[in-house]
Amino acid sequence: MNIIISKLMWKNGSRINQYLFAVIITIPLLSFGMVQGWLSPMISVLQSSNGPAPVPFTSSDISWMTSVTYITAIIFGAPMGHLTDRYGRRAMTLITTLSLIIYWQIKLICLEPWALILARAVAGIPCSACYIILPIYLKEISDIDLRGALGSLLILNRNIGYLMSYVLADLLDITTMLWIGFLVPTVVFFIFFVMPETPEFLVKQGKVDEAKSVLAWLRGVPVTDRSVEQDIDTIVKVEKQTKAEQKSVWKIIWKDRPTFKAFIITLVIKITQQFDGYLIVLIYAGFVTEKAAESITFKLTPNKQVMMIGLVQLFGSIVATCIVERTGRKLLLVSTSFAVGVGMLILSAWFYFTGLGSWLPGWVPVVAMCVCIFADAAGFQPISYIIITDLFTFQLRGTVSSFANICAKLSNFIQTKWFTMVCELISIHWTFLFFAIVSFSACIYTVIAFPETRHKSVEEIYAKLEKKKERAEVA
C-alpha cells in the first residue's frame, strides 16, 4: 500500500477512511454530472448568433451533440467490465478521470460544432465507466453495513454535478465555467495515484498481504485483527474455487441457477428503471412547465427551471443516502417505483384531458414531474446500481455491470432519439402512460422476485433465491 496513504490511519475501529475514500471515488461521477448538466442551459446559447461559438449551432449539430455520447458509451462500455477485472479498479478509474480531463480540454480549446461533438463522443467513456467501474470500486472498499449508503453517493454526487452546472451557467461566463469543469477531474486524477486498489482485486492478483493491509486501513484496525483475517480468507477461498472450476463468466451465469436468476432480476430492474421516463421528464421539463404556465402565473426562465429540477434531484439523492440502510433495498425500490408510476400516470391524465379542451390546474403536472424526479433519485435509480454489486461475486461484477450498462445506454439512445417522433405518432399522453405501466410493472416484479440484499452476503442472497426456486417448483 502507498506509504502516504498508510500514514492516514484512524485507530479504534474508526471507518472514516471508507467514507473519505467513497467520496473521492464518486467525484468522477460528479464531474460527469457537470458534463451532462452543462448541455441543458447551453443549447439555446450555442444556437444564438451572439453565442460563444464562432458560428451558431444548427438543429443537426445539437442532435448529434446530444446523442453521440450514448453511441460511444455502448462501444466503450462493452469491454469495460473485462478491462476492470483484468487491470484493476484503480487503473480504470484513472483512465475514466483522464477522459473527463480530455473532454473539458477540447471545449477549452475550441467551441466549434465539430469540437463539441468530438468532446461529447469522448464523454461516452465516462458515461459507461462511471456506472460500471465506480459501483464495483465502492462496493469492494465498503463494509457490508455501509455499502448501501456509500453506493448511493454515486447518484448523489452526479446530481450535485448537474446542479453545479445549472448554477454556474447562470452565474458565470462560459470560459470560467469550463475551467472549473476542467479543474475537478484534474485534481482527482492526481489524488487517485496514491489511492489503494481494492482488497478483492489484490487477492485476485495474488497479493494477499497487501489486501490485508488495505482492508485493515479501511477499517481502522491492525492487520492482525481477526475480522480482517476471516474476510480475506473468505475472498481467497472464493478465488481458489473459481480458478479450480475454470468456467467462463457467462457459463457461470447461464448454468448456475441462483446466479442466472440474479442476472435476470438485475436486467429487469435496470431496464425498467431506464424506461420509467425520468430521462424524458428531465429533458422535456421546460415543455411541461411551459404548458403549465398557460393556466397559472408560473413563470420561470429556462435556467431557473433546470435549477429547480436539479434541487429536486439532489434532495432525492440525499434522502436515498440517509435511509437506504434503514429501509432496505426492496422497500425503497417498491415505494419509489410506485411513486414514479403515479407521477407518470398523473402527467398522462393531465395531457389527455387538457388535450380534449378541459381545464385542469397548471400546478398538477409540475408537482407530478417533481414527484417522478424525486422518487427516481431517491431509490429507483441508485438501487438499480447498488444491486449489481450486492447480487454478484467480484469475479462476475465487471461483466454483469458492462452488459447492464449496454442495455441502459441503448434505452437512453432509443428514448432521446425517437421520443418526439413517437409523441407525434400516438400523442404525448400515451407515451407517459407507457412509462407509468413500466414503473408499476417494476414495482410488482420487485415485490414478487427481488430478495432483500441489505447486510447480506452473496451466499446468503443466493440461498434465498434457491429456496424461492424450490418453492416455485413444488407449487
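Start at 1 and count along the chain as shown; that gives each residue its number.
Note: Cβ is positioned from N, Cα and C throughout, glycine not excepted.
Unlike curated entries, TrEMBL annotations are predicted automatically.
Proximity of distant same-chain residues to the transmembrane segment (20-39), defined by a Cβ-Cβ separation under 8 Å and at least 6 residues beyond the stretch ends, is recorded for 65-66, 93, 96-97, 100, 103, 123, 126-127, 129-130, 134, 137-138, 141-142, 150, 153-154, 156-166, 169, 177, 181, 184-185, 188, 191-192, 195, 218, 306, 310. The transmembrane segment annotation in TrEMBL covers 20-39 (among others).
According to TrEMBL, the domain 'Major facilitator superfamily (MFS) profile' annotation covers 21-454.
Residues annotated as transmembrane segment in TrEMBL: 62-79 (among others).
Beyond the transmembrane segment (114-138), the same-chain residues lying 6 or more positions past its ends with a Cβ under 8 Å from any Cβ of the stretch are 22, 25-26, 28-29, 31-32, 35, 46, 53, 57, 61, 64-66, 68-77, 80-81, 84, 89-90, 92-93, 95-96, 99-100, 102-104, 106-107, 147, 150-151, 153-154, 158, 198, 385-386, 388-389, 394, 397-398, 401-402, 405, 408-409. Look at TrEMBL and you will find 114-138 (among others) tagged as transmembrane segment.
Look at TrEMBL and you will find 174-195 (among others) tagged as transmembrane segment. Cβ atoms under 8 Å from those of the transmembrane segment (174-195) belong to residues 2, 4-5, 21, 24, 27-28, 30-31, 34-35, 38, 42, 45, 52, 90, 93-94, 97-98, 100-101, 104-105, 107-108, 111, 165, 168 of the same chain, restricted to positions at least 6 beyond its ends.
Residues or ranges marked as transmembrane segment in TrEMBL: 262-285 (among others).
The transmembrane segment feature in TrEMBL is assigned to 305-324 (among others). Here the transmembrane segment (305-324) has Cβ contacts under 8 Å with residues 37, 40-41, 148-149, 151-153, 155-156, 158-160, 162-163, 166-167, 170, 282, 285-286, 289, 332, 370, 373-379, 382-383, 386 of the same chain, all six or more residues outside its ends.
Marked as transmembrane segment by TrEMBL: 331-353 (among others). Remote same-chain residues near the transmembrane segment (331-353) are listed as 269, 272-273, 276-278, 281, 288, 291, 320, 323-324, 360, 364-365, 368-369, 371-372, 374-376, 378-380, 383, 427-433, 435-440, 442-443, 446-447, 450 (criterion: CB distance under 8 Å, separation of at least six residues from the stretch ends).
According to TrEMBL, the transmembrane segment annotation covers 359-378 (among others).
What TrEMBL lists as transmembrane segment is 426-448 (among others). Within its own chain, the transmembrane segment (426-448) is flanked in space by residues 268-269, 272-273, 275-277, 280, 330, 333-334, 337-338, 340-342, 344-345, 347-349, 351-352, 355, 380, 419, which lie at least six positions past its ends and keep a Cβ under 8 Å from the stretch.
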Using a Cβ cut-off under 8 Å, which residues of the same chain at least 6 positions beyond either end of the transmembrane segment (62-79) come close to it?
39, 43, 46-47, 113, 116-117, 120-125, 127-129, 132, 402, 405-406, 409-410, 412-413, 416-417
